[in-house]
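See below for the structure under consideration.
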Amino acid sequence: MEEPQLIKFVDLFQRFFERLGVDYAMMRQILIVKLTMDARRAPVVLSGRRNKKQKEGNLFLKSLWLYALTGLFLIPFTLIGRNYLFQMSLVFGVIMFMVMMSMTADFSSVLLDTRDKAILHTKPIEPKTLGAAKAVHVCLYLFLLTGCLAAPAALTGLIHSGPLFLVLFLPELVLMDLFVIVITALVYLLILKFFDGERLKDAINYVQILLSFSIAIGYQLLVRIFDVTGTDIVLHPAWWQLFLPPLWFSSPFEWLLGRNGNPEVIAFSTLGLVLPLLAVLIYSRYSATFESALSKLSDRSGENRSNHGKWADRIARIVCFQHEERLFFRFAALNMKNDRPFKLKVYPMLGISLVFPFIFIFTSLQGESWQAIGRGKGYYFLYFSLSMIPTAISMLKFSSAYKGSWIFSAAPFEHRTRIFSGVLKAFLVRLFLPVYLILSFLFLLIFKWAILPDLVVVFLTACLYSALCYKGINGEGTLPFSQPFETVQEGGNIHALLFMAAVLPFLGVHALIGWLLPGDGLWLYALILLAGNFVVWRKAFR
């Protein structure tokens, strides 16, 4: 078996591991096997780049150029001036966003992997060696990912700000990665303590979703804590800013390069050094507990076997008009509920679409009162909740249980198109409708009942838009839930991005009618949309 190239890098630290009491030769062999097996899986964050005819190789390493390409967008932040707290907060915000998304979506499976227990735990291997192998395994990939993301910014920062920039940047990146890994592991350890069996797996899945959602919202919050007026960028200190890690790692640049020794800058810098190291010490103390608690993941007790399809049957009778369509509605609804990888990919989008309209409303406040906002046209921001539809629909053809798709060939159904219409209706009812109902309720509180026709128009637009997206992105050539997530292709993502822009004409027509024919004109437009839905759904799925 050919040794992975990364092993040669690990060999440079052999003496360091031996001084820690780690059996380096054994750890090295474990890492070789783990890195070789990694060549057979694709990274989730970049949606996979592998097709069935590609040669074997470590797909994560082959996808690093995409991270480097993303890193090019960080170059302007290192060149726009000398406000290092603002500039480097954005840089670390982007890097932490990508690293945390990768950690929760891809490398959590490494931290929580129990497949090797049947082999390794029967051998005379010390727990410290097993823990070191797992930690090094994750760190290798995160350091590579972070290095590719940060390389363009590091180079331009070195040229623009001098060698001290690089001296600060590299250690801060290492501290950031250590903090991300350890905090993620400690969160999982907390979950492992209170849950077991299937409930544990569900809890871990929801924590991953919550982390992804929080990262996206936290980055939006980070951008808005600075008061930008012309060329002046000012941070107004507040206690809650202590919970924003990008400020911790950017403050040393403001302190040492920007010559700003304000107390809040020193406090942020201290947190950026102390908390990652403290987190590492805490994890090292409880790492054995973490490893032993992982055995709970193999426990299938507590699996909920009750019938969850009753609600789906009732709703299917309302929204589906053929028996076959109702069957696939129920099938899709249950699959969306139970498929954990699917939820990990799609649910964060739902949360983001729930919050984005309010982020834009808060941005437009600019000192105005809520009464003034309520008299405005901010309800058009509801269209941002539709932006998740193309991406979510592009995921409907993937499943972790894709091998069961043979049922589509075995089932004696007459009309193939009813599979697609049933699945799309299940998506609208189970995923989109709850988000839209919450948004509608909150927007009614802000803008009052005068926007009721607008809410109806946006919902009918969403139904029409969903049918167009499904037809354009998935078509009828691919059956739902019939492909593994490793085969997600870039083409589908490009189509999803193009269809995101397609919502703008609907917004424009809505705004124009609301301006020219408010009130009754919107109800007339709603009737036109209803007729359009009837025609498009019949044509698309006949």
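Yeah, the Cβs are placed from backbone N, Cα and C, and that goes for glycine too.
Marked as transmembrane segment by TrEMBL: 59-79 (among others).
Cβ atoms under 8 Å from those of the transmembrane segment (85-105) belong to residues 43-45, 67, 70, 73-74, 77-78, 142, 145-146, 149-150, 153, 172-173, 176-177, 180-181, 184, 208, 211-212, 215-216, 219, 222-223, 226, 233, 235, 245-247, 249-251, 253-254, 258, 260, 265, 344-345 of the same chain, restricted to positions at least 6 beyond its ends. Annotated transmembrane segment per TrEMBL: 85-105 (among others), in sequence order.
Annotation comment: TrEMBL describes 138-159 (among others) as transmembrane segment.
Proximity of distant same-chain residues to the transmembrane segment (165-191), defined by a Cβ-Cβ separation under 8 Å and at least 6 residues beyond the stretch ends, is recorded for 92, 95-96, 99-100, 103-104, 108, 111-112, 135, 138-139, 142-143, 146-147, 150, 153-154, 157-158, 200, 203-204, 207, 211, 245, 249, 252-253, 256-257, 272-273, 275-277, 279-280, 282-283, 286, 289-290, 293. Residues or ranges marked as transmembrane segment by TrEMBL: 165-191 (among others).
Annotated transmembrane segment per TrEMBL: 203-222 (among others), in sequence order.
Sequence annotations record features per position, and here TrEMBL assigns transmembrane segment to 265-286 (among others). Under 8 Å from some Cβ of the transmembrane segment (265-286) lie the Cβ atoms of residues 85, 172, 175-176, 178-179, 182-183, 185-186, 189, 241-242, 245, 247-252, 254-255, all in the same chain and six or more residues away from its ends.
The transmembrane segment annotation in TrEMBL covers 346-366 (among others).
Under the heading transmembrane segment, TrEMBL lists 378-396 (among others).
TrEMBL lists 427-449 (among others) with the feature transmembrane segment. Within the chain carrying the transmembrane segment (427-449), a Cβ under 8 angstroms from the stretch's Cβ atoms is held by residues 315, 319, 329, 332-333, 336-337, 346, 350, 353-354, 357-358, 361, 370, 373-374, 378-379, 382, 385, 388-389, 392-393, 396, 455, 458-459, 462-463, 466, all 6 or more beyond its ends.
Annotation comment: TrEMBL describes 455-473 (among others) as transmembrane segment. Long-range contacts of the transmembrane segment (455-473) within the same chain: residues 379, 382-383, 386, 389-390, 393-394, 396, 420, 424, 427-428, 432, 436, 440, 443-444, 492, 495-496, 499, 502-503, 506, 510, 522-523, 525-526, 529-530, 532-533, 536-537, 540-541, each at least 6 residues beyond the stretch ends and with a Cβ under 8 Å from a Cβ of the stretch.
Under the heading transmembrane segment, TrEMBL lists 494-516 (among others).
Per TrEMBL, the feature transmembrane segment maps to 522-541 (among others). A Cβ distance under 8 Å defines the sequence-distant neighbours of the transmembrane segment (522-541), meaning residues of its chain 6+ beyond its ends; these are 417-418, 420-421, 424, 453-454, 456-457, 460-461, 463-464, 467-468, 470-471, 509-510, 513-514.
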Residues from the same chain, set at least six apart from the ends of the transmembrane segment (346-366), whose C-beta lies under 8 A from its own: 209, 212-213, 216-217, 220, 224, 336, 373, 376, 378, 381-382, 384-388, 391-392, 395, 431-432, 435, 438-439, 442-443, 446
